[in-house]
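Student: Dumping what TrEMBL says about this protein:
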DOMAIN    124-375  domain 'P-type ATPase C-terminal'
TRANSMEM  153-173  transmembrane segment
TRANSMEM  185-206  transmembrane segment
TRANSMEM  239-258  transmembrane segment
TRANSMEM  278-298  transmembrane segment
TRANSMEM  310-336  transmembrane segment
TRANSMEM  348-369  transmembrane segment
Amino acid sequence: MKPQSLLESDPIDDYLTTKPRIPFKIPEEVPSGNYGLVINGYSLAHALEGNLELELLQTACMCKGVICCRMTPLQKAQVVELVKRYKKVVTLAIGDGANDVSMIKAAHIGVGISGQEGMQAMLNSDFAFSQFCYLQRLLLVHGRWSYNRMCKFLSYFFYKNFAFTLVHFWYAFYSGFSAQTVYDTWFITFYNLVYTSLPVLGVSLFDQDVNETWSLRFPELYEPGQHNLYFNKKEFVKCLVHGIYSSLVLFFIPMGTIHNSVRTDGKEISDYQSFSTIVQTSLLCVVTMQIALETTYWTMISHIFTWGSLGFYFCILFFLYSDGLCLMFPNVFQLLGVARNTLDWPQVWLSVVLSMVLCMLPVIGYHFLKPLFWPVRVDKVIDRIHHCMSHPLPPRIRTRLKHAGSRRSAYAFSHKQGFGALITSGKTLKAKFPKKNSFPFKK
């Protein structure tokens with residue numbers, strides 16, 4: 001009797017855990033010539049050995065197409081794992097039966113087809129559809145949209161948190177490194193939870209750069225996802241630099257605004273509570289305008305999420321700083337009347353507008369100059385799409401043709417006799433196959 005550990009072991013997991021990981025990568029090679037590779041499971045068992053798997057992968061990469069036929073479920077997973085180990089690519093596996101589950105689970109992205117072989121492939125996959133022809137739409141439309149949305153989500157998420165956090169770094173030089181926060185405690189609690197969560201959620205769910213028709217017509221739009229152009233280390237550094245610049249503007253512009261300033265009635269506003277209110281208001285306006293610039297497909301939900309979150313901030317601001325809450329809970333709500341006394345000063349709104357302009361000008365300039373000086377192929381395609389959308393072709397004029405008789409011919413179009421008579425004569429019908437032993441040839 002075998003031990004319990006051997007009975008519960010999975011050959012796929014044993015292969016993935018015992019197979020050694022090689023640190024190096026095989027360089028990308030361009031297929032030379034129109035060659036193809038067809039290999040069966042018997043030959044693949046020898047080719048997947050340790051001393052031959054690199055030769056198999058290099059040979060397969062030099063071919064236009066590779067077909068592995070009559071394979072076992074373990075061999076399917078081994079081939080996928082071989083590509084994942086040595087090639088810097090994203091793998092996708094698609095199957096319709098239980099024998100494809102190992103391959104689907106080994107790939108980065110698994111796709112299951114609902115067929116006559118059960119639901120095991122669909123239950124173990126990331127995406128599922130009913131027919132193989134929908135794979136093109138999954139990759140070129142929904143896959144590309146999803147990649148663009150996730151890149152925008154990550155870039156904006158890092159930017160808004162850099163701009164939010166680094167303000168404390170500049171404030172530490174003026175607070176004696178006492179770890180005192182710039183913002184109110186309630187603002188810190190609601191910043192990522194309420195104020196900035198819905199706008200980025202709307203972008204990550206509904207944003208589209210072009211519609212599905214143009215996505216299928218121009219497959220070149222899929223290339224940025226293949227080369228990881230929209231979010232990488234370089235883009236992360238850009239988010240960091242943008243966040244540092246925004247935090248400098250958001251801290252020093254309000255500080256210069258309230259420094260030794262008084263109201264028209266002679267009351268000073270250069271206090272900590274007023275400064276905190278101005279900084280957090282400027283921050284919310286800046287990050288809201290930033291997500292508005294990143295949004296390319298506006299819907300009613302996008303407008304509600306974006307502008308509604310900003311309006312909800314002002315409602316919460318006046319509610320938390322109201323007289324009623326501060327008198328009922330003086331230890332919790334300590335900024336009594338700060339919003340009412342600060343935001344009715346015109347110079348405060350001038351500071352907010354100036355902060356927004358200084359933070360948005362580099363972004364607008366970069367988006368305008370990048371296609372002109374550092375264009376990529378996808379930028380040219382999008383320019384063509386915008387040109388086609390702004391100059392649509394005139395609609396076709398349909399004219400009804402009147403025919404003298406019931407027979408139709410191509411004579412009116414080609415100015416010579418067409419094939420109408422031949423079609424209507426019945427001579428093009430498939431002839432009956434002669435009976436057996438009716439051939440005139442003798443044995």
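Glycine is no exception: its Cβ is also placed from the backbone N, Cα and C atoms.
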Student: With Cβ-Cβ distances below 8 Å as the criterion, list the same-chain residues six or more beyond the ends of the transmembrane segment (153-173) that contact it, or say none.
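Tutor: Answer is 179-182, 191-192, 196, 200, 203-204, 231, 235-236, 238-240, 242-244, 246-248, 250-252, 279, 283, 286-287, 290-291, 294.
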Student: Between the stretches 185-206, 239-258, 348-369, which wins on the count of C-beta pairs under 8 angstroms to the transmembrane segment (278-298)?
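Tutor: Selected stretch: 348-369, with the most Cβ pairs under 8 Å.
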Student: Within the same chain, where does the transmembrane segment (185-206) have neighbours whose Cβ lies under 8 angstroms from its own Cβ atoms, ignoring anything closer than 6 residues to its ends? I mean 6 or more beyond.
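Tutor: Cβ under 8 Å, 6 or more out: 149-150, 152-153, 156-157, 160-161, 164, 276, 280, 284, 287-288, 291, 294-295, 297, 299, 301-302, 305-306, 308-309, 312-313, 316, 320.
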Student: Within the domain 'P-type ATPase C-terminal' (124-375), what mean pLDDT does the predicted structure show?
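Tutor: Mean model confidence (pLDDT) across the domain 'P-type ATPase C-terminal' (124-375) is 87.
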Student: Please give the sequence-distant neighbours of the transmembrane segment (239-258): residues at least 6 beyond its ends with Cβ less than 8 Å from one of its Cβ atoms.
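Tutor: Hits for the transmembrane segment (239-258): 155, 158-163, 165-167, 169-171, 174, 182, 269-270, 274-275, 278-279, 282-283, 286, 347-348, 350-351, 354-355, 358-359, 362-363.
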